[in-house]
Amino acid sequence: MTPNSCSQTAAAAAACLDLTAVSDLIARQHWSRLKALAGTTSAAAAAQLLHLLLDSPHANPPTLRLLFRWSESHFRSPQPLPLHCRLLHSLAAAKLYSDLRFELHSLAKSGRHSAPSILHSLSISGDTRRRGASLSVIADMLVLALVKNSRTESALEAFYRSRDYGCRLSVLSCNPLLSYLIKEGRIENVEKVYKEMIRRRIAPNLITFNTMIHGLCKARKLRRAGDLVEDMKTWGFSPSVVTYNTLIDGYCKSGQAGKMYKADALLREMVLAKIHPNVVTFNTLIDGYCKDGNSSAAARFLEEMKRQELSPNVVTYNSLINGLCGEGKVDEALGLLKEMDDSNVMPNVVTFNGIVNGFCKKGMLAEAKGLLDDMLERNVTPSVITFNTLIDGHCRSGLMEDAIALKRLMSGSGIRPNVSTYNCLISGFCRNGDMSSATKLLDEMEENDVKADLITYNVLISALCREGKMAKAVKLLDEMQDIGLQPSHVTYNTLIDGLCKKGNLRAALNIRARMEKGGKHANVVTYNILIKHFSGRGKMHEANELLNEMLEKGLVPNRVTYDIIKEDMVERGYIPDIDGHLCNDAA
DNA sequence: ATAGGGTTAG
């Protein structure tokens, strides 16, 4: 068959076009002349021509793509999926991978088709003999395209379904899939995908392992993360600086006892293994120590990194500035801001937010507000968080009018108040017992289409509890569950506390039952509330039983627990007969 | 294609 001969279809016979001339017009994008020659006056006609060109052995894939793109934009209507799939196959066969990526990207972005229908259409399209090999490449790129377009659910479907078509995927799509699932906090899916990768003999690489370790750390499964480090070694990969940084960060954020000691041990271990700590390593440690309330240890790490000739960057300084401000050491934070200037590290909005927060915490509201001018001078644009911090600071000092003025100022600077803004203000009004102003803000939220969140409800519930309006408070619990908001421990504990204070133990236990039903287990705070309720009423036996129950569950008593035991029980002459845990810890 | 920083509730 020669390129100019008509192919076997009836449509082609009718058209009997000079395909070389047609291709030439397409390549030169002479669309009106193409219309005259080939009659492409509709999307359907263009589709027909595309099929014709695809059937011709001399079809040129880039030309096909030009025609396809022109048709979709010119007629403002998408071409049918089977045709798109034929185009994808021809691009894959010609190894035009960047064009293929682009086409899959637009297919994924449009969201018109589900992953299974795309895979199915691909599987029955294209040259039967070469389909298998190119199907794998296309499916692999499809998963990647779906991930990049935040269509994680479809990406997962494509990942699993592609197995039914015998596709061999690669780490190039699986790694980003894992990474996105982690970003979305869907750790169960992460582990499933990983296991499926192994089952399908998609060999994990160093990045797969680092990503998985990150996911497990984020899910606070530190032991499993450690197991994976051993796994990676059996696959022939040595932990890299990223592996260590991830683990160090995992421990810093784990909340477990001695976490900073573990983080420090990992630092020593990596140095011993001749893996050099980098800026991220130090930043992670500095942030970890700051969050642990130990900014002086963090400051020593800043010195250490300088000694190792690693340049602290804006993240380094931000972590330390935030830590210092959190401890009320705003002067030292300002010293660091000066140091940034000296070493040409540009402060950004996060830097200033930290200092604004520091001033607010000390009640130095004029200084905090004054930072807005400094920011302006330095070309740093305040963010919602800057204003929220300022607003919250004013609310906490009872300066509600100034807080409202700041909200106007932020709107005037083109920053829309978000839920947090409203939460700060509502909580401020509630603290002042001004429920009518709080309610007005709730209405305003509705008008501005800002949805109430968990914190909004917690704030309102605790305000109602303080006023003893328990029926209304419980009603809000129902309401939030109705609109699909998961109540938190705080929500339940606030209600339990309110009900206990009213002496309504039965209702309090009812909420506790709802809490368990909602998958949230009683925590230390829950027990403290209940123990306080009993011991405060002289029911020492019940209080004691709750103490034991709490310890049996492995919950660790905190300061509040000890205060209750000391003031309500011991000082009134009752010695809890709970087992050894308490004596050891209390001593 | 993998790792690090900011506000708000009890």
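A Cβ is built for glycine as well, from the same backbone N, Cα and C atoms used for every other residue.
Annotated features, as they stand in TrEMBL:
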| type | residues | note |
| --- | --- | --- |
| REPEAT | A:170-204 | repeat 'PPR' |
| REPEAT | A:205-239 | repeat 'PPR' |
| REPEAT | A:240-277 | repeat 'PPR' |
| REPEAT | A:278-312 | repeat 'PPR' |
| REPEAT | A:313-347 | repeat 'PPR' |
| REPEAT | A:348-382 | repeat 'PPR' |
| REPEAT | A:383-417 | repeat 'PPR' |
| REPEAT | A:418-452 | repeat 'PPR' |
| REPEAT | A:453-487 | repeat 'PPR' |
| REPEAT | A:488-522 | repeat 'PPR' |
| REPEAT | A:523-557 | repeat 'PPR' |
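Beyond the ends of the repeat 'PPR' (A:383-417), by six or more residues, the same chain brings 349, 352-353, 356-357, 359-361, 363, 365, 368-369, 372, 375, 424-425, 427-429, 431-432, 434, 437, 448, 450 to within a C-beta distance below 8 angstroms of the stretch. Counting only same-chain residues 6+ beyond the ends of the repeat 'PPR' (A:348-382), those with a CB under 8 A from a CB of the stretch are 314, 317-318, 321-322, 324-326, 328-330, 333-334, 337, 340, 389-390, 392-394, 396-397, 399, 402, 406, 410, 413, 415. Restricting the average to the repeat 'PPR' (A:488-522) gives a pLDDT of 94.
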